[in-house]
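Novice: Got a structure here, written out as C-alpha cells. Questions coming.
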Amino acid sequence: MKFGEKLNNALYEPWRFYYLDYNGLKKAIREDRPGTFNENDEASFVNMLEKELDKVDSFHHIKVGEITRRIQHMRTIVDSLAEDEDTPAEKYAEVQADINNIITEVEELSRFTRQNYSGFIKIVKKHDKHTGYQLKPMFNVRLNVRNFYKQNYDNLLLQLSRLYDIVRNGGKKDLKKGSGHGGAQDFVRKTTKYWVHPDNVMELKLFVLQHLPVLVYNSKDEMDTADPAITSIYFDNDAFDLYLGRLEKSEGAEAIRLRWYGPVTNQEIFVERKTHREDWTGEKSVKQRFPIKEKYVNDFLAGKYSIDTMVKKMQERGKSQKEIDAFELLASEVQDRVLEKGLKPAVRSFYNRTAFQLPGDAKVRISLDTELSLVREDNYGGVQRAGDNWRRTDIATDYPFSQLPESDICRFPYAILEVKLQTQLGAEPPIWVQQLVNSHLVEAVPKFSKYIHGVATLLEPHINLLPFWLPQMDVDIRREPTPEWKRMRKAIGYRSGTPSETSSDHFDQSTVGGFNSATPQLKKKSSLGRLVHKINRVRDEEDEDPDRDELLENPKIIQLPTRVEPKVFFANERTFLTWLHFAIILATLALGLLNFSDRVGQFAASIFTIISLLTMGYSVVLFKWRAAKIRNRDEGPYDDSIGPLALVLALFMAIGVNFYLKIQYRNGNLPTFFYED
C-alpha cells in the first residue's frame, strides 16, 4: 500500500485537515514527468513544504496547550470532589470518563506526531530522489526548530496518572493498600519480559495508568519527570565468564554492575550484584547492592579502598550491626570477585524507566524502559574507551549519544516491558494484566537481558554463544489488535491503531517524541548485519511496489550464524552410540554362532554379520547427516523413517530364515552341504 493511502486510512478524522498534505506534495514533485522539475518548481515546493510544517507544528502546539489546560481543570474538579468525603461514586465515574477522553486525545496526538514526522521524512526523500535537488540538509535545519516531533508526553502522563489514582481511590490521595505479605510459601512470584514497538509505547502507558499509578522515584516536586535516566556499567573479564554464566543460567551465576540514577554528575553510585539460583536449590535469585561515593569507586575496584573505612563511616552514621554485617559481607565478596576474576568495564546500558505500582502493594509492578542504548566500555582493539577508569568519560546521559561511532553503540529499537507479579498460589493474575500481555502491544521475550544483548551485538568477535532472541530482532513485532482488544478499547472511547495504521518508518538515527526509531545495530561483518542493512534499505524506499510491500508484510526470519548448544551435538552422539551398541550385539551374536554352532548356525551368522555391518554404516551416515543439519541450523526434519524400518525388516528376515533352516535341518530336508562336518 502506498504511504499516502496508509496515512489517509490511519488519520484521526476530527483532525483530518491538520495532517500533512502528503499527496499534494507528492503531486508537486512531478515524479511521473522526470526532467521537467525546474528552479521555480523547487521554490514552490519548498514554500509548500514550509507551510505544511507550520500547519502541523502549530496544531500540535495548540493541542498540547489545550490538553494541559484540560488536565489542570480536571485537577481542580478532582480536588474539589476529594474535599467532600460524601461525594457519590457516580461523580467520580463522570470524572473518570472525562479523564478517559483526555487520555484518548494524548494517544491520538502521539500517533499524529509519528505519522506526520514519517510523512515529512518520506516526501523529502522522494523529492531528493526524483527532482535532482538536495533538500534534506536544509529541511533538517527547518525541522529542528519545530517542536512537534520532540514532544515528550511523560509530564502529561504523570499528571493523568495522579488524577486517575485519586479518582480510582474515591478521592483519597496516596491510598496505601496492604501488601498482602504472608508466608513465602503462600505466594508465587513471576517476572516476564516483553518488547514493545515504539508505535505502541504511548498506548501501552495510557492503558496501564488506568490500573496502576506512575511510580516516581524520590520525587519532591510534583512535576518531576516520570522517566528517570538509569545508567549501569557491567563488568566482565576477557573470557566473559559472567556473560556466559548469565546466558546459560548456571547455578550461582553473577552479574556485577555499577549503577547511578539521573545525570552523570550524581555522586552516589550503587554497586550491585545479581545472583541466579536454580529452582532445584530451593533458593530465590537475589539482587544486593550498597552505595559508594563516585570518588572512591576506582580505589574500591582496585582493592585500595579498605572496606574497614566504609564500615567505620557506617558506624559513625548510627547504622545497626545487622546492616553493617550485611554490607561488609557483600562489599568484601564483590571486591574479591573483581580482583580474582579480573573484572573490568565491558558494557554500559542507558534507558529511561517508567514504573507503575500501587503504593504499598507489590502484587503487580510494571516497568517500561525506553531509549535503551548499549555502549562499549572495553579497551579492545587498541581503543581506550574507559581506560583505567571505571567508566568512559566522553559521554554523559545525552541520548542518543550521536558523538559515538556506530561501532561503539547499539540503540535498541524497542521498549522493554517488565511485568512482576506476586499472586497467591493457584490464583490468576488480574484480568487487565492478562489482557495486556496477550494483546498486540507486546512481544514476549523470556529471560531477555540488556547486558547479554549488549555483549552479543557489540562484542560478538569475543564470544562463542549468542542469545536465542537475536533472530527475533529481524521480525516486525507489530500485529493487528485482537477483536477482544478492539471491543474492550472501543467500550471506553479508544481506537487501537493497526500495524499499517501506526507504522513509523525508520530513517537514519532520528528520534520521534523522544523515542529512538533506529533499527538494530548488529555487526556489519556478519551475514545477518548485511541482510538487515539490505532490508532496512528497502524499508526506506517509498512503499509503491506491490512486490516490495509483500516483502515487508512477510519479513523473513533470519537465523544468526551462532554456535549451537553443545547438548544438541551430544544428543546426536548418544544416538550414534546407541546404534553402534545395537550393531555390536548383532556382531557378538554372529561371532558366537560362527564359532560354536553347526552349519545352519554358521549360515545365520553370516546374515547377522552383514546386518551388523550395514547397521554400523547406517549409523555413521545418519550421524554425519544430522550433524550437518544441526550446524546449518536446518529447520528439519531430523528423523529418518526408512533406515530403521529397513533394518528391522532385515533383522526379522534373518531370524525367520534361521528358524526355518533349523526346522528343515532337523527334518533332513536341507542340501547335504548343511550336514557336512
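Numbering starts at 1 and runs along the chain as it is shown here.
Backbone N, Cα and C define each Cβ position, glycine as well.
Keep in mind that TrEMBL annotations are predicted by a computer and have not been checked by a curator.
Pulled these features from TrEMBL for this protein:
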- 1-141: domain 'SPX' (DOMAIN)
- 576-596: transmembrane segment (TRANSMEM)
- 603-622: transmembrane segment (TRANSMEM)
- 642-661: transmembrane segment (TRANSMEM)
Novice: With Cβ-Cβ distances below 8 Å as the criterion, list the same-chain residues six or more beyond the ends of the transmembrane segment (642-661) that contact it, or say none.
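Specialist: The answer is 586, 600-601, 603-604, 607-608, 611, 614-615, 618, 622, 670, 674.
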Novice: For the domain 'SPX' (1-141), give the DSSP counts of helix residues, strand residues and coil residues.
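Specialist: Counting residues per DSSP class in the domain 'SPX' (1-141), I get 116 helix, 0 strand, 25 coil.
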Novice: Over the span of the domain 'SPX' (1-141), how high is the average pLDDT in this prediction?
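Specialist: Mean pLDDT, the domain 'SPX' (1-141): 85.
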